[in-house]
């Protein structure tokens, strides 16, 4: 089998993980206790169930008793959020050893997450990952969920990625990263954390799918009609993206996409590995359309700014690569027509050194939705991952915020007292300036 290990780090990573595994269980017909719903009865009633769970082993380990345990690890430096999972609806789905927490918080600082507090639990976390890896017959790689702005998400992840690169050097590492929003901030020192972690993980991460809270809030408010979106609503949106990206690993389909194929098709140069994500259709459960949207409709929606999960305007940049992952009632002929229509649009510009540009995945398993959730059930959906030079706008925004604080040496003492040096800040900022330049250069014509 080609198994994948999911690692959820910090408050954002853990809460996204909770939403992801809830959705995966619904998609595979797994109950909160880990057992598949009346397996034999289901097979007689619905022969698709057996086919549906043919590739289940990539994400779930089946015990002798027939229980399906997720191949995952949840980790936070303080216990509150992990305790929420220990007593939550899916508490019996996970083995207690898969839920790891420290005793004190990273206090929103990269330095505590990486050095002082993080270093105390890193060996335990690696030991638990080793145990999970030993249950795999052919480990394909790691999916790492975290935020750039938090202390644990930024600091501990950079320490872990470094160690994983040593112990599992050939295994692919894909990230789902919550990027600091332009206007909504959960911590004053987010720009420091984000730039330090980007610098320290850029060589260890193979591909990082970007989402940001502001774009997600806007989708919840404008598309789903939620006046005051909760983190639960936002995390379920991210879970839909994660599910679409991993669907071809978990279900059979006519055009499957392997983990390494994302890297091969989306990353033209090692450092340019930050694709933006978009999802369509996003329809509220209350306003569920009577007519279903066509393949062309959902494909066109993905190229609209309002369907993107990151605040940046792709019309201001050029696409280097684009991966379209379709689910449900979709046939290749419709996809080809939809792509041809998109290529003829002047607003969708590709760099001249990448003329084809589109990678396609098709999976017949329609998207599932959480009962009582915000999203409507649809027959077909598409998730778009696109590597575009427009993301440089997001990096430039972040760099500017970093510069404003660093010019006054504001909040630096929290990092220095944990053993960091000013040189690390300077080095990280220079690396990000180089990253901005890299993006500008790849967008240039010959």
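Note that Cβ sites are derived from N, Cα and C of the backbone, with glycine treated the same way.
Positions annotated as active site by Swiss-Prot, on the basis of similarity to another entry: 261. Long-range Cβ neighbours of residue 261 (active site) (same chain, at least 6 residues apart, Cβ-Cβ under 8 Å): 359.
Taken residue by residue with DSSP, residue 11 (GTP binding site) is part of a helix. For 11, 78, 147, 151, 152, 186, 213, 235, the entry in Swiss-Prot reads GTP binding site.
What Swiss-Prot records for 78 is Mg(2+) binding site. The C-beta environment of residue 78 (GTP binding site), restricted to residues of the same chain at least 6 apart in sequence and closer than 8 Å, consists of 101, 102, 103, 104, 105, 106.
Residues annotated as motif 'MREC motif' in Swiss-Prot: 1-4.
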Practice prompt. Let me know how many other Cβ atoms fall within 10 Å of the Cβ of residue 186 (GTP binding site).
Written response: 15
Worksheet item: Tell me, how many other CB atoms lie within 10 A of the CB of residue 152 (GTP binding site), whichever protein chain they belong to?
Response: 35
Worksheet item: Any idea what the model's mean pLDDT is for the motif 'MREC motif' (1-4)?
Response: 83
Response to the item:
The number of other Cβ atoms within 10 Å of the Cβ of residue 147 (GTP binding site), counted over all protein chains shown, is 31
Fill in: Cβ neighbour count within 10 Å of residue 151 (GTP binding site)
28
